[in-house]
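Trainee: Copied straight from TrEMBL:
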TRANSMEM  30-50  transmembrane segment
DOMAIN    41-276  domain 'G-protein coupled receptors family 1 profile'
TRANSMEM  59-79  transmembrane segment
TRANSMEM  105-126  transmembrane segment
TRANSMEM  147-168  transmembrane segment
TRANSMEM  180-200  transmembrane segment
TRANSMEM  221-244  transmembrane segment
TRANSMEM  256-278  transmembrane segment
Amino acid sequence: MKHIINLYENINDTARNNSDCPHVILPEEIFFIISIIGVLENLMVLLAVIKNKNLQSPMYFFICSLAISDMLGSLYKILENILIMLRNMGYLKPRGNFETTADDIIDSLFILSLLGSIFSLSMIAADRYLTIFHALQYHSIVTMRRAIIVLMVTWTGCMGSAITMVIFSHHIPTVITFTSLFPLMLVFILCLYVHMFLLARSHARKILTLPRANMKGAITLTILLGVFIFCWAPFILHVLLMTFCPNNPYCACYMSLFQVNGMLIMCNAVIDPFIYAFRSPELRDAFKKMIFCSRYQ
């Protein structure tokens, strides 16, 4: 794998010798099972929105965007495991042209998953902000047509950025760009939260009169954001340490947890659908109808 993704194999031998921390190795079967569960769960989210007209709104479209991002993150690991299995069985020449091309595609999926998650959470944050403080104008501002255009432009930009980052993955500016998107997204959402807090103080009575669903959506976003930070921040830190202090024993000690950090990313895709179901009665009912279709017909 390339520099920006396959960091575990690229840890410098000097750093390994200087660090007494043993590398934590997790069975590939665990990654594979969690990835399969992540794909199936997020596929259920997409099918629930597609099959239920009452869920076909901009808010749920943005949630679908986040579900696609999570699904791509799980699909990345599944394809990587299949590629490794084929190589170990002798069907692929190590570092041959096909494997190199497949590596690039898989790496693109991984980066696309992170970029998609960052921009999807940002769109959900902006949507929640508009629902709370521009409730009367919300439906005229956030129309289905505009939501679809925003999603198309966002995903086109994410795909172009993912391909570019894979091509130039060995360059430090690419790593800096890759890792800086994470804090930039946090700053953007934090600014919205601060503004929401300041407005809430000056419009306390107005906030109390808003539908509970609007405030519930903001709480859901907070939970999604917290899970995203918890699951992705360790990997982002790993990328920075691998780039700027690969020979430092303390950095090497942290980097010995690479597979644990990768497992957290896989878990994010599994946790998010549970958050949707727990926080949204409409989506929860749609899941029940899909799972127990005969009972609800």
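The backbone N, Cα and C atoms fix where each Cβ goes, glycine too.
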Trainee: Using a cut-off of under 8 Å between C-beta atoms, tell me which stretch among 30-50, 105-126, 147-168, 180-200 contacts the transmembrane segment (221-244) the most.
Mentor: 105-126
Trainee: Need a quick answer: max count of Cβ pairs under 8 Å to the transmembrane segment (147-168), which of 59-79, 180-200, 256-278 is it?
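Mentor: Answer, by Cβ pair count: 59-79.
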Trainee: What residues elsewhere in the chain lie close to the transmembrane segment (180-200), defined as a C-beta under 8 angstroms and at least 6 residues from its ends?
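Mentor: Same-chain contacts beyond the flanks: 114-115, 118-119, 121-122, 125-126, 129, 132-133, 207, 218, 225, 229, 232-233, 236.
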